[in-house]
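One structure is given below, encoded as structure tokens.
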Amino acid sequence: MTTYSDKGEKPERGRFLHFHSVTFWVGNAKQAASYYCSKLGFEPLAYKGLETGSREVVSHVVKQGQIVFVFSSALNPWNKEMGDHLVKHGDGVKDIAFEVEDCDYIVQKARERGAKIVREPWVEQDKLGKVKFAVLQTYGDTTHTLVEKMNYTGRFLPGFEAPPFMDPQLSKLPSCSLEIIDHIVGNQPDQEMVSASEWYLKNLQFHRFWSVDDTQVHTEYSSLRSVVVANYEESIKMPINEPAPGKKKSQIQEYVDYNGGAGVQHIALKTKDIITAIRHLRERGVEFLAVPSTYYKQLREKLKMAKIRVKENIDILEELKILVDYDEKGYLLQIFTKPMQDRPTLFLEVIQRHNHQGFGAGNFNSLFKAFEEEQDLRGNLTDMEPNGVVSGM
């Protein structure tokens with residue numbers, strides 16, 4: 001595991017502020033938004049569809065804390081772009097939006113460095129103000145929308161209105177206390193992690209923040225490599241994973257196979273009270289990965305010799321299957337959902353940090369074993385040939 005302290009030069013202009021929103025392209029936006037509200041504690045924020053004059057695409061926007069998810073679907077049978085995306089990838093993340101300052105400058109610099117500009121800067125407005133946008137292409141079919149608010153005071157973005165319906169059940173369910181997007185992870189095919197991470201360093205002036213390789217993260221069967229890139233202020237963190245060759249197909253390779261290439265593997269959501277959050281998410285019916293039971297026995301032994309003290313009761317963490325990772329300065333608590341759709345692609349993470357800025361490297365091996373058990377149930381923990389090809393494919 002390597003942590004990097006060199007951020008490089010501070011960009012003179014064009015600051016990246018934070019994650020603005022994540023857009024999912026799904027088969028049924030209404031149902032997807034409802035699922036995330038009832039299961040995960042989001043609330044309807046905004047809507048765009050036929051009733052608001054949007055004739056091609058319908059979008060339901062949901063929010064929890066500062067986390068904003070947009071679920072979009074095609075309204076017409078001739079929408080080839082969204083239709084093809086759905087067939088290839090299934091329901092999943094299409095766009096990760098960043099709120100920025102000086103969108104024009106960021107686009108100009110990215111263009112000079114060779115980035116593909118999907119859509120040049122444009123402005124949208126309504127009676128509540130103006131917003132400037134631009135869209136860049138990153139890994140796979142994923143895009144980044146840059147969002148520059150020009151004194152905009154609306155609930156979300158121009159063209160969106162208040163949700164047409166508020167589910168009366170939502171107010172009766174326990175609060176989940178998820179506050180902010182901590183990081184968003186992209187999975188790449190083998191040998192594409194470096195080029196995907198370099199894209200951020202070159203085109204967006206991000207820097208390397210953290211990394212692990214397959215000598216540090218591996219089980220008997222499979223392994224991964226990961227690099228985390230971040231903006232100068234480190235308010236946006238983007239881990240990039242790739243599978244490393246092993247005896248069996250790794251969970252990263254399984255993702256790439258079912259997603260039809262690179263894409264967003266998981267979104268980590270931060271909370272200040274993970275015990276209450278997970279209790280309530282479990283009560284709402286969210287399914288989580290369970291690590292082997294030996295994990296907590298080993299954890300108790302290791303913590304006896306650790307320099308830090310975990311404030312939370314380990315018995316409760318074990319009951320809820322929350323994981324702990326630590327160093328000499330602090331610790332983090334984390335847990336991962338099972339896939340959010342039938343394809344074993346996108347899942348979510350809930351994380352709480354106590355003076356610890358890592359990504360749970362100490363848990364990777366236990367998690368990999370948990371992932372492998374799930375893979376085996378799906379019939380996907382298959383042998384790899386010496387050349388890295390899955391046998392029997």
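Glycine too: its Cβ is placed from the backbone N, Cα and C atoms.
Site annotation (Swiss-Prot): Fe cation is bound by His266, Glu349, and the candidate from His144, His183, His207 recorded at this site is His183. With respect to their backbone Cα atoms, His183 (Fe cation binding site) and Ser226 (phosphoserine) stand 13 Å from each other. Using a 10 Å radius centred on the Cβ of Thr2 (N-acetylthreonine) and all shown protein chains, the other Cβ atoms total 12. Candidates Thr2, Ser211, Ser226, Glu349 (recorded positions) were compared with Lys132 (N6-succinyllysine); none lies inside 10 Å Cα-Cα.
Its Cβ taken as reference, Ser226 (phosphoserine) is surrounded by 24 other Cβ atoms within 10 Å in the chains shown.
Ser211 (phosphoserine) has Thr2, Ser226 nearby among the modified residues Thr2, Ser226, Ser250, counting only those with a Cα within 10 angstroms of its own Cα.
If you measure from the Cα atom of Ser226 (phosphoserine) to that of Ser250 (phosphoserine), you get 14 Å.
Note: the Fe cation site is recorded as His183, His266, Glu349; in the same chain, Asp182, Ile184, Val185, Pro239, Gln265, Ile267, Ala268, Leu269, Phe336, Leu348, Ile351 also have Cβ atoms within 8 Å of that site's Cβ centroid.
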